[in-house]
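Undergrad: Got these off TrEMBL a minute ago, pasting:
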{"type": "COMPBIAS", "residues": "167-180", "note": "compositional bias 'Basic and acidic residues'"}
{"type": "COMPBIAS", "residues": "213-238", "note": "compositional bias 'Basic and acidic residues'"}
{"type": "COMPBIAS", "residues": "240-254", "note": "compositional bias 'Polar residues'"}
{"type": "COMPBIAS", "residues": "264-278", "note": "compositional bias 'Acidic residues'"}
{"type": "REGION", "residues": "159-289", "note": "region 'Disordered'"}
{"type": "REPEAT", "residues": "377-419", "note": "repeat 'ARM'"}
{"type": "REPEAT", "residues": "471-513", "note": "repeat 'ARM'"}
{"type": "REPEAT", "residues": "716-758", "note": "repeat 'ARM'"}
{"type": "REPEAT", "residues": "798-831", "note": "repeat 'ARM'"}
């Protein structure tokens, strides 16, 4: 116990604790009673073999803990009330409790008989017919049936944005229990009820039922029961822990606060919300609940009704249990302990608050518990505690908030109640020295827990902005220089989470945090290394960051971390950082490429995406392309083209395309049927994959030995690529135009794509203002003019005048491609007239003096054709 001596304890409190310690005797549980009832129901058949007439519950509603009695009777251990009709006596009104079963008169609470250990024993004593026939029944309960799997369907809370219903299954453990479960399941017409979601249960609302099983009369009965129950619960409010100053009723349910408006439901998150709607796992059919479950429930009862001393002792005793165990966590919740613990936070007793927070901190690691805490308004109370002058309270509240704020609604609640500002203020109290006094250690712990809570909250975009506005960035930058690793992990975790926002990436550069991130790559803590690498991964989208990483000598530690192949999270973060840093060519290290090639097999997809991305960037250099080939990297890259991960396909097509610019590499790619695989990816519905595949096809056609024949060998391939000109994605259009320009170099292929309608499709795109598309579109038009009457068709389709406007672009590469297209089009007289009318001559005259010889020659050729037409007209007119 935390408190060795408590002055003024009375003998009754000590007796209560002794009773808890000795509570290991066999007791009935709700699950055991339920299974006995289901077993007895199976004996209510028709005919001579009938043992019982009927077995019925008096209440249709079942609480989360399996009880069917009102909450104020559950504290007395009562589980349910039954009406059983034997064949030879009057109906028996029975109370089932944890202590046993007994007759109660007609639904009265008073006992009117002895207490029996179970229902069968009671029925044997009250019904001779039952006693005589029960032993004749052919029981199969001693045989071990095959393992049963039971599905529980969870209704999804409407507020949590429509996650699909999911089923969870668990295997039954107890042989005797398996048999009983099988009997229940095999009963004709037996159907399962839908379970209410956790939030509705905690708010005390009735469970919805399957309409096929329960008609209107049953629903009305349930509603009446709960109206009565709620009325009585209001009257019982004084039963709760009222002896402490400022203490509130344990029956009070706080509603989750929230400010109205669009802010409530416009939350976005930078991570998957797998924790958002996790249905409750139940153990209703397990009769082997450990004794701790019942002992904890008894302690909660003492919390509700005890005085201050009993409350403190009960809290300390509760902490002696293994609160990391789910059974103990759910035991507290099932008997209403969460409400009591949260209400304790509103008292003026520091010891009670600390004890309650220590328990909440442990059990809030359970997803069901943290959602219940949010439903009961616990977050609002904990946010207020952050203003407390007591440092123990501060750090415990912050750490509990860190555990609870794992799902979107909780993070929103923290922000809306001023929690972000308060958490940021906690960061402003940490000394930088390594040797700390006891008081300074508390300051460090407060700041660490504040950073932990901000880390959880920063998974929401609005919270990232709130942290920035609250001045969190400079404080995080200062904490990043801390010598304490346990402080650095949540700080770097928060930074890497926020680095998805451009404002944070700029701040990380300007506040000098890159140097600290690089320095921490050299530590021995893998978790810290992983978060630092992840932060660099996100920040290295910007060239300034990539330069800073190189200047701070951060590339070598990243390459060294590639040897940690067993730690997949660290490997994914490291390869991601190397990938983004490799975008700057000066950061590419050939030694790293050799290691990266070795990671192309037997790795999870999140690692492969980054490895292939890094190889794709490195392959932009000729020397690196040779290195990849010599290390045997071409084949595994081509093999990855058959995958389904969209991000991986984008990166691998880029890498294969870059490697294909080398003739030796292209030979290997062709032999491995890599071009066919690339072409098949044009069918992928993802436009990013389509564009990347089309770009990769360009160097393959350029460097293949017989590219024309290779392209024709792909059945339907030319029609497929022409049809992609109907895409609305500009990157897809630009890449497809580039590929068509390569394809059209072969006369036969040009004839085929002309038949597929390439001319009007290209002409339709000429009004674009995107310079990248303009350049490749002009190249494609120039190539396509070299077949048949395509020049005339382009003119008739209105492609000439828009092309003239391309010459006004500021991109010189657009000028070259456009001049070549205009030169080809100018071989048709009508096109020359159109060009002249749109002022092409003046524009081309200026380009004829360009240092770009290709541009110079095309411009001169176009002007010459226009001039020849003019001279021909002069001669025809004047003779």
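Backbone N, Cα and C atoms are what each Cβ position is placed from, and that goes for glycine too.
Unlike curated entries, TrEMBL annotations are predicted automatically.
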Undergrad: Give residue numbers and ranges for long-range contacts of the repeat 'ARM' (716-758): same chain, 6 or more residues beyond its ends, CB-CB under 8 A.
TA: 679, 682-683, 687-688, 690-692, 694-695, 697-698, 701-702, 707-708, 765, 768, 770, 772-773, 775-777, 779-780, 782-784, 786-788, 790
Undergrad: What does the DSSP secondary structure composition of the repeat 'ARM' (716-758) look like, as residue counts for helix, strand and coil?
TA: 34 helix, 0 strand, 9 coil
Undergrad: Based on DSSP, tally up the residues of the repeat 'ARM' (377-419) by helix, strand and coil.
TA: 32 helix, 0 strand, 11 coil
Undergrad: Which whole number is the mean pLDDT over the repeat 'ARM' (471-513)?
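TA: Per the prediction, mean pLDDT sits at 93 for the repeat 'ARM' (471-513).
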Undergrad: Under the DSSP assignment, what numbers of helix, strand and coil residues are found in the repeat 'ARM' (471-513)?
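TA: Computed counts for the repeat 'ARM' (471-513) are 32 helix, 0 strand, 11 coil.
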